[in-house]
């Protein structure tokens, strides 16, 4: 009797089990997020590798080191020396330094950060990549490339992006310098990833690239946590990761689909290697993004456990690949996209997306057939159970009503505290999830009070199964339509399997319960009884008439009443007059424990899977609202996700007990109220503004806060703005972002021996034969422009009207007036319709102070040709990104005095903002540099 009472479908039993499920999910989540922190190496090699890597990280990242800075050269030299020390006694290792070999190229490149862009871009790039080749014991095997970039953004020390990747490569180099690998390894310590993935692109100009087949790219798009397998090229490479990374695997193909479908706007060197036909892995830190590309991406915000997770993951993977031959890696390669995920960091699953497609097809056909077959049997023998009252409409009405309230609550949060998700998305997620569950519990309980049902949970499970069938059918079609690249749909497959299986099991139990239905002429109460028909009829009549006959025999004690029946409504124990049939007979052969099987099938794993998937997505996108300002997309994910997490619980929601219901209600209200009241930005979770000084104007952009004054208030509080009474002008960029502009302080970008006489940038036309009488009207127009810049590495040239008629550009870099100091590189346009929109210039030598750009374009061939028809407007923009060192300026002293030496901040306006900004604000660069000087002209 006690056993039966515990495991029957009662409020207490259900509540305890549901609480246990939520508690276990919370524990698993906590373990998954923190276990890596307690997994530091204990073996001597691992300890040494980590200690050396941490010291390297400290040495590399003590200052910002973008490609445009002199500090970038210091990092290059440090790496070159460290590599030389590591491989000093390694006979099978060889170094190639692009800086020393003057590696450079002029090539066409699509905008790597905007896949929809159709702009024709030509890139001139001088490389300072450092390459190391470790010859394998078997030279026949294709090489493995290990890659990371050592440049940072101008506003960041680059600890995670990508210092950890670089020092992990040094650690791998140290490991393989002691044991020669079977397969040749090529290390690419590349430069200038941040503004075009250029170091990875020019790698393919090197002879060592010709034998490479596999690659591992190490990257950072957040500043800590665990290093995730963002994406991998195919199923075979996913299985290699599965077979090699046994300690703390972490990856999910949901992120891979995000890249495939361009939900993730940024890019890494992985894209370059993949486009060149290599096969490999993109391993990266991905959160938090609010400190990413800021001065806070520093040692102080990093940790050895985070570094070790990337280092150890890449070590496991590279050792596995390096020691296996092609046969061991698999002669039959599956090149289809992979579906993969880890289970709380304990194991890793990988299957082909094509296989998932056929699994889905089979499920979409077979499962409905089984369900329809079982349903028809239930309908034939126990039709009254599944056809009773409004049982089929309860869940849709309840879910839609609750969903409407969830949407309203979500909009309320977005209105009152829109950027709370940037700080904490778990609070609103938990609040909305429990709100949806409790609302459904109240509504479904009300339905049960009005019209008691025999087995609502089975009907509800099958309704949810049908919903997942529709979703899965659509996602399967999208999977096929997108060339099997929708690799993040596997949660719907798994949820449909468990829902359909549980629903069919419920139908089986209904079949074998052998329930008979007869009419009760005096009342229409539903009562579930044993075989004592006459006893029950008498008892029900007594209840209806308000009598309690205690003289019945002892058998009546085993008959369930409204007070203790597991199918009794939640809100009341009273007996209502309900117009429906009375169930009078149920076989004792099947006990009412089927709910446990259905619950364990439906709730625990589905809830954990859906929560884990949503948490991964929100972890990646919650702080992108500061970059894109797209609040609607992120809140839409939050609302839909909270509903999805709740769905597995809905069939059992009407049995949630009073105490658990109150607890969930209290938690929900508390989380939602805190979400609306909590400050969205703190010192550890700051708001990010982006800085750029364009000529003499400072432009700072950022998201629009609730009071719309944070950006303006910060600028108005700057000493220079108050002292000089500078006018601050702000305008809206999008609905959720704005840009403010004010007069900046003069920059001091270079050491100046002749104060006020040195021009930082000057554009001079050396040649232009557009109006020359010696040129035939049908001949191409040629022009040559010199861009004179001081201590500069990066300029862009934009072409305006008639840019589609440009047929050729050539670039040379000269030092002083020596035109023979550089060989010109030429690029010809083959497609007559495209022309050239933009020419990007990236040079290494600071002392080479001139870019010479030659341009050739076709004239407009018309009968009445006006002079203006053939003009070519150009705009030149040059960038500087170094600010931490002071500049020295020398001027004349007073009459009869000597020279006056003064020290200045290179970019005073930027230094001022870093000094006086609020603690809950961080600053990032807006473009390639912190300062941009521009000049326009017409050729």
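Each Cβ is built from the backbone N, Cα and C atoms, and glycine gets one as well.
When secondary structure is read from DSSP and collapsed to three states, residue 193 (active site, proton acceptor) falls in the coil class. Annotation source Swiss-Prot lists active site, proton acceptor at 193, citing similarity to another entry.
Per Swiss-Prot, Zn(2+) 1 binding site is recorded for 149, 161, 219. In this structure, residue 219 (Zn(2+) 1 binding site) is part of a beta strand by DSSP.
Proximity of residue 59 (N-linked glycosylation site) to non-local residues of its own chain (separation of 6 or more, Cβ distance below 8 Å) is seen for 78, given in sequence order. Taken from Swiss-Prot, the feature N-linked glycosylation site applies to 59 (among others).
Positions annotated as N-linked glycosylation site by Swiss-Prot: 88 (among others). According to its DSSP assignment, residue 88 (N-linked glycosylation site) is coil. Its Cβ taken as reference, residue 88 (N-linked glycosylation site) is surrounded by 9 other Cβ atoms within 10 Å in the chains shown.
Residue density at residue 114 (N-linked glycosylation site): 12 other Cβ atoms are found within 10 A of its Cβ, drawing on all protein chains shown. If you look up Swiss-Prot, you'll see 114 (among others) marked as N-linked glycosylation site.
Taken from Swiss-Prot, the feature N-linked glycosylation site applies to 326 (among others), supported by sequence analysis.
Annotated N-linked glycosylation site per Swiss-Prot: 622 (among others), in sequence order. Within 10 Å of the Cβ of residue 622 (N-linked glycosylation site) there are 25 other Cβ atoms, across all protein chains.
What Swiss-Prot lists as N-linked glycosylation site is 810 (among others), and the listing cites sequence analysis. Long-range neighbours of residue 810 (N-linked glycosylation site) (same chain, six or more residues apart, CB within less than 8 Å of its CB): 106, 824, 825, 826, 827, 853, 854. A strand conformation is recorded for residue 810 (N-linked glycosylation site) in the three-state DSSP classification.
The N-linked glycosylation site feature in Swiss-Prot is assigned to 820 (among others); the stated evidence is sequence analysis.
Under the heading region 'Disordered', Swiss-Prot lists 540-561.
Positions annotated as site 'Transition state stabilizer' by Swiss-Prot, on the basis of similarity to another entry: 292. According to DSSP, residue 292 (site 'Transition state stabilizer') is assigned to coil rather than to any helix or strand.
What Swiss-Prot lists as topological domain 'Cytoplasmic' is 1-11 (among others).
The topological domain 'Vacuolar' feature in Swiss-Prot is assigned to 33-356 (among others).
Taken from Swiss-Prot, the feature topological domain 'Cytoplasmic' applies to 378-388 (among others).
Look at Swiss-Prot and you will find 410-424 (among others) tagged as topological domain 'Vacuolar', backed by similarity to another entry. Residue counts of the topological domain 'Vacuolar' (410-424) by helix, strand and coil are 11 helix, 0 strand, 4 coil (DSSP-based).
Residues or ranges marked as topological domain 'Cytoplasmic' in Swiss-Prot (evidence: similarity to another entry): 446-453 (among others). In terms of DSSP secondary structure, the topological domain 'Cytoplasmic' (446-453) contains 5 helix, 0 strand, 3 coil.
Residues 148, 158, 162, 165, 193, 194, 218, 220, 221, 268, 269, 284 surround the recorded Zn(2+) 1 site, their Cβ atoms falling within 8 Å of the Cβ centroid of 149, 161, 219, which are themselves excluded. Beyond its flanks by at least six residues, the topological domain 'Vacuolar' (610-636) meets 25, 29, 252, 254-255, 258, 263-265, 286-290, 410-411, 413-414, 418-419, 421-422, 425-426, 429, 488, 491, 495, 642, 644-645, 647-648, 687-688, 702-704, 733-737 of its own chain at Cβ-Cβ distances under 8 Å. The Cβ neighbour count for residue 149 (Zn(2+) 1 binding site), using a 10 Å radius and every protein chain shown, is 30.
Summarising model confidence by region, the topological domain 'Cytoplasmic' (378-388) averages a pLDDT of 70.
Separating the Cα atoms of residue 88 (N-linked glycosylation site) and residue 193 (active site, proton acceptor) is a whole-number distance of 28 Å. A Cβ distance under 8 Å defines the sequence-distant neighbours of the topological domain 'Cytoplasmic' (658-663), meaning residues of its chain 6+ beyond its ends; these are 11, 15, 18-19, 438, 441, 570.
Put simply, 193 is the one of the recorded positions 149, 193, 219, 292, 622 whose Cα lies nearest to the Cα of residue 114 (N-linked glycosylation site). Sequence-distant neighbours of the topological domain 'Vacuolar' (410-424) (same chain, 6+ residues past either end, Cβ-Cβ under 8 Å): 290, 432, 618, 622-623, 625-626, 631, 634-635, 638-639, 672, 675-682, 685, 687, 703, 705-706, 736. For residue 292 (site 'Transition state stabilizer'), the same-chain residues lying six or more positions away in sequence with a CB closer than 8 A to its CB are 156, 160, 161, 220, 221, 222, 223, 924. Sequence-distant contacts of the topological domain 'Vacuolar' (475-491) (same chain, at least 6 residues past either end, Cβ-Cβ under 8 Å): 252-258, 260-261, 336-341, 353-354, 356-357, 360-361, 364, 609-610, 613.
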